[in-house]
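One structure is given here, and the rest of the page talks about it.
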Amino acid sequence: QVLILKGLKQQVSCLCPSPDGLHLAVGYEDGAIRVFNLLSGESTITFNGHRAAVTALQYDHLGGRLVSGSKDTEVIVWDVINESGLYRLKGHKDVITQVLFLKEKNLLVTCAKDTLVKWWDLDTQHCFKTLVGHRAEVWGMALLSKEKRLITGSADSELRVWDLAYIQEVKDHDEPESKKSKGSSSPGAEENTEEDETLELDEHPEERIVKCSKAGSIMREGRDRVVTLGTDRMGKFLACHGTDAVLEVFSVLSEEEIQKKLEKKMKKARKKAKQNSEEEPERSVELSLQEEIQRVTNVKASSKIKSFDLILSPKGELKMVLLLQNNVIELYNLDLSAQVPQAVRVSRITIGGHRSDVRTLAFSSDNIAILSAAAESVKIWNRATLQCIRTMECEYALCSLFVPGDRQVIVGTKTGKLQLYDLASGSLIETLDAHDGAVWSIALSPDQHGFVTGGADKCVKFWEFELVKDESSVQKRLSMKHVRVLQLDEDVLCVRYSPNQKLLAVSLLDCTVKVFYVDTLKFFLSLYGHKLPVLCMDICYDGTLIATGSADRNVKIWGLDFGDCHRSLFAHDDSVMYLQFVPKSHLFFTAGKDNKIKQWDADKFEHIQTLEGHHQEVWCLALSPNGDYVVSASHDKSLRLWERTREPLILEEEREMQREAEYEESVAKEEQPVVAGERQGETGLAGKKTIETIKAAERIMEAIELYREETAKLKEHNAICKAAGKEVPFPVNPILRAYGNITPSAYVLEVFKKVKSSELEESLLVLPFSYVPDLLRLFNEYIQQGSDVELLCRALLFLLKIHFGQITSNQMLVTVIENLKKTTISRVSEARDVLGFNMAGLQFLKREIEAKDEVTFFADATERFEEKKRKRKKKEKMVLAVL
């Protein structure tokens, strides 16, 4: 591991490296996109435009633009250099699955789950062609053969191949034919056969840019849908996989290779023709699609594949890296020079985590070791280093505990077994058939002499630790002895001892919790009130309270003396999966299926804090015996360790932060502001209204207010000086002093420059019109000074566009606009001249360097030629001498 790129709390949904390999664009579940610098590991740019998870990302070949597709069915093109959004393209009706830039032309191809492939002209930002040849969702696509071919993967085992011809190349000889075909398309053409799959919905017949015709299909071996379809950087190899563990690899022949094959075929055909004394077959020989795109091999991974990437190394080896469903990364090498290429697994990253969901956690008594158990293994982790120190194979684990002394662990399984492991050797010492159904719960007795288990066979069983003689060694080893059994009427879901070991609480499938005396097993209390079964519970350290968490999303706090319900709390938005008291206190933690972990106060019945970090259901958690650490396990395949800090927690502040978070969420969900004059069609603004854009607009408003106040004060001050006939000292505003005694107008510019480039348009959109006249006057002043011409022109043109009606009807602004027109044109032309001059200079330098390189190249070539000549002469002399 060389680098970790720290994001925010959202899950990563998409990745795309830039062409120069220095940046990585990362799409998140909440629709944000962040661009990380791979040298520093810092996030340099953030784009907010999508309202749902980002599903596709792609850079153009220069890395200057980034296009993103999302679950919100929209495509946005971003300017990476200017760090801002260019425009939003609307047209698809379902989740976008892939987006591709075309290198040569300023075009974009997008496909989605709505079965359509759309072609967009980015100069005019409209969709000029829609391919409707697919019968089901289009899950992926790739461009091949120098962008002359498009290949699409759908929900069947066919990869459809489309020939692309750019209209500039086709126009000369193909135009009449294309017009004919266009005129003859019938109204019912959409229900066409598989062969006639080249139906195009052209909104603008006069602007035909690409001709797209179906070349045929390549059959995959997988029968299910395509999950990922991709090529290597050079476009020489194509690979795809479905929802299984097989990656299918194809090689794509280059134009030279196709030519060679054709010549070979022609030779064969001529030979045949000669033998049969026929006419020469000049143009009848053609390569089939299967010959141009050939299957190389199938790579069988150790588990289902999630995604992959290919690199063709200079040695001629194809390297394939696969990310698997079970948390493993595998690297395969394919030797292409071999007669029958076979993929060989070179390495895999499997260290650490489990291959399946962790269902149980436990802390050792010294707070150092953590046990986690899943469907296939038990792992012991060092809490301080976060390293896995032991892995032991097990059956499907549901509950676990450390035996007193922390040298052994016991795991209860889904098949009803109890497995005892020794940590020093990492071996399974003993397996007992404890229950006839799953062992749902295990609890250590407070005197540490034994434990109790509850299972799906309606039994609660009591066990004691004992030392037995081992046949293989002289020393005695630990074992478990079954002592008593408590038979009940329903499945047992959870068992807990009271700290004084007098009572045993048992939660049953009939939604009640029954409390028994431990010594006589007599019934004491029944706690009923939950609407669904109680999945978890715990008794506090002094034995006065019991808290129960249920699938009905509530937590109830009961008194253990009379079994009365003190309070019912609506705890989570889904089932409460685990509950545990903090040692030596009446605080407790709950874990829910709503991805959250919450802390509660059982005395005041208050919610203290929420720990957000998991992206999916939290199955279980464990508190360390000193109460300083919480470890949690989730369906997102992660274990998270939380530490108690020394900083005090003020509940009012927590509530305030929660309210702010809710407000921010509501802002994001609000309807986006409508832009005056913006046609509600295929395109729209790239950004979206967020709390950041609102704050930026507020900062601009505050700066303008300050400017107004200061200019009014200055006028007043000048009038006083005039009346007094002498200079009176002018008090400087503390904010302006903090900025180094700048003028009020310069302060507005400073604030304006600090607005993020990606949030500029959205901030100006929520800015009330009453501030616009002042802003336009200030812009005029700034542009005259020649400061930040590009930024100001961008903002100015946007303001003119959205407030066009009000500005033109305002008599006061006529002169301002006239002045702006003059200053802007002159300043922009100056900036363009500077850019032009610099470009010319750079091109001149480039030509100089190329000329130098050419000279050295020719010098090298002649030297090599001379060397060869000398070697040949030497060889010839040697041959002559031998003769």
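Each position is counted from 1, following the chain as shown.
Note: Cβ is positioned from N, Cα and C throughout, glycine not excepted.
All annotation found in TrEMBL is predicted automatically rather than curated by experts.
Note that the coordinates shown come from a computational prediction; the quantities given were computed from them, not determined experimentally.
Taken from TrEMBL, the feature coiled coil applies to 252-279.
If you look up TrEMBL, you'll see 191-200 marked as compositional bias 'Acidic residues'.
Annotation source TrEMBL lists domain 'Small-subunit processome Utp12' at 745-847.
Residues or ranges marked as region 'Disordered' in TrEMBL: 173-206.
According to TrEMBL, the repeat 'WD' annotation covers 5-46 (among others). Sorting each residue of the repeat 'WD' (5-46) by its DSSP state yields 0 helix, 22 strand, 20 coil.
Using DSSP to sort the residues of the repeat 'WD' (47-88) gives these counts of helix, strand and coil: 0 helix, 25 strand, 17 coil. Feature annotation from TrEMBL assigns repeat 'WD' to 47-88 (among others).
Panel annotation: around the repeat 'WD' (89-130), residues 55-61, 65, 67-71, 73-77, 136-143, 147, 150, 152, 154, 166, 200-204, 207-210, 212, 229, 681-684 of the same chain, lying at least six beyond its termini, place a Cβ under 8 Å from a Cβ of the stretch. The feature repeat 'WD' is assigned by TrEMBL to 89-130 (among others).
Feature annotation from TrEMBL assigns repeat 'WD' to 131-172 (among others). Away from its own ends, the repeat 'WD' (131-172) comes close to residues 94, 97-98, 100, 102-105, 109, 111-119, 178, 190, 197-201, 208-231, 235, 238, 240, 252, 254-255, 289, 293 of its chain (Cβ-Cβ under 8 Å, at least six residues beyond either end).
For the repeat 'WD' (351-391), the model's average pLDDT works out to 89. Among the features that TrEMBL reports, repeat 'WD' is placed at 351-391 (among others).
Note on the repeat 'WD' (432-466): residues 398-401, 403-404, 410, 412-418, 420, 478-501, 504, 506 of its chain, located 6 or more positions outside it, place their CB under 8 angstroms from a CB of the stretch. Summarising the annotation, TrEMBL assigns repeat 'WD' to 432-466 (among others).
What TrEMBL lists as repeat 'WD' is 527-568 (among others).
The repeat 'WD' annotation in TrEMBL covers 569-610 (among others). Residues 532, 535-541, 545, 547-551, 553-557, 616-623, 625-627, 630, 632, 634, 642, 649, 651, 654, 658 of the same chain, all 6+ positions outside the repeat 'WD' (569-610), place their C-beta atoms under 8 angstroms from a C-beta of that stretch.
The list of residues near the repeat 'WD' (611-643) in space but at least 6 beyond its ends in sequence, with Cβ under 8 angstroms from a Cβ of it, reads 9-11, 29, 327, 353-354, 357-363, 365-367, 370, 372, 381, 383, 386, 574, 577-578, 580-585, 589, 591-599. Summarising the annotation, TrEMBL assigns repeat 'WD' to 611-643 (among others).
Note on the repeat 'WD' (527-568): residues 493-494, 496-500, 502-503, 505, 507-515, 574-581, 583-586, 588, 590, 592, 600, 602, 605 of its chain, located 6 or more positions outside it, place their CB under 8 angstroms from a CB of the stretch. Taking DSSP states H, G and I as helix and E and B as strand, the repeat 'WD' (527-568) has 0 helix, 23 strand, 19 coil.
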